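Here's the structure, in structure tokens; my notes come after.
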């Protein structure tokens, strides 16, 4: 009996095949992807600049928003540049180790995104239900600790998943029908037992996404009760308005995530793979693109800071003339 060494069935590289069935449209598909990526980079870098340099934004709500922007930047930058290389230059090869690194960043920072949205829901709960103690409860050390804990939770839960994928023997070819190294897409190329990958992946998704959604639901239930008990309609509207941008961020983040989750486990035969891959990319690209826009439009303090910067530059220009 011949015993295969794992290194003999570990490919040196994979081929990312892009969007199967739509190869002729890759160039056209690349334009909205590229446009959204540019908006995401500019918008999130702009938010980080505002939060860093504007003293009026040095509050817990905006520190959490800065965490969200950093997470969004890493999340979309982990996939879109490689996808554009596939679409534009047909550079489809990715080394095995690079594939695992990309997989780690994707899954870690999607988990981080979920965690930050949960922290922002708790922030809104404290701000509305305990307004007098808001600044004493959410101090800078507390914000740093919960942010670090959220990041470590994602890292510690994803590392075993990468290890399970690394140990698999791969003898079903090296072509991945995707634009990036998704864990299940890579594991399906294995001729070994991937049950551990599937079970642990599901458990990690429940521990991160399930726990965060539960906390968000409880937070907004308590917020709703507190707002309903307010005597003034203006006070109710003002309280709700502070949550609007965050609710939009939740919708943009979790809607495509739910689609990808249920497709991978229940609907792989009912929906074309090309549709799944497009939504999987939107899942990583839509929140980074829309979050800066939503917070810039819906948050008065950020709007005021943007107006202040642009009006200041115009005043400087007119003064010099």
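For all residues, glycine too, the Cβ spot is worked out from N, Cα and C.
Those TrEMBL annotations? Automatic predictions, nothing curated.
TrEMBL assigns the feature transmembrane segment to residues 28-51, out of the candidate ranges 28-51, 172-195.
TrEMBL lists transmembrane segment at one of the ranges 4-26, 142-164, namely 142-164. Contact between the transmembrane segment (198-224) and the transmembrane segment (28-51) is absent: fewer than three CB pairs lie under 8 Å, with pairs separated by 6 or more positions in sequence. Counted over residue pairs 6 or more apart, the CB atoms of the transmembrane segment (142-164) and the transmembrane segment (28-51) come under 8 Å in fewer than three pairs, which marks the two as apart. Proximity of distant same-chain residues to the transmembrane segment (101-122), defined by a Cβ-Cβ separation under 8 Å and at least 6 residues beyond the stretch ends, is recorded for 61, 64-65, 67-68, 71-72, 74-75, 78-79, 82, 94, 146-147, 150-151, 153-155, 157-159, 161-162, 165, 180-183, 186, 204, 208-209, 211-212, 215-216, 219-220, 246, 249-250, 253-254, 257, 283-284, 287.
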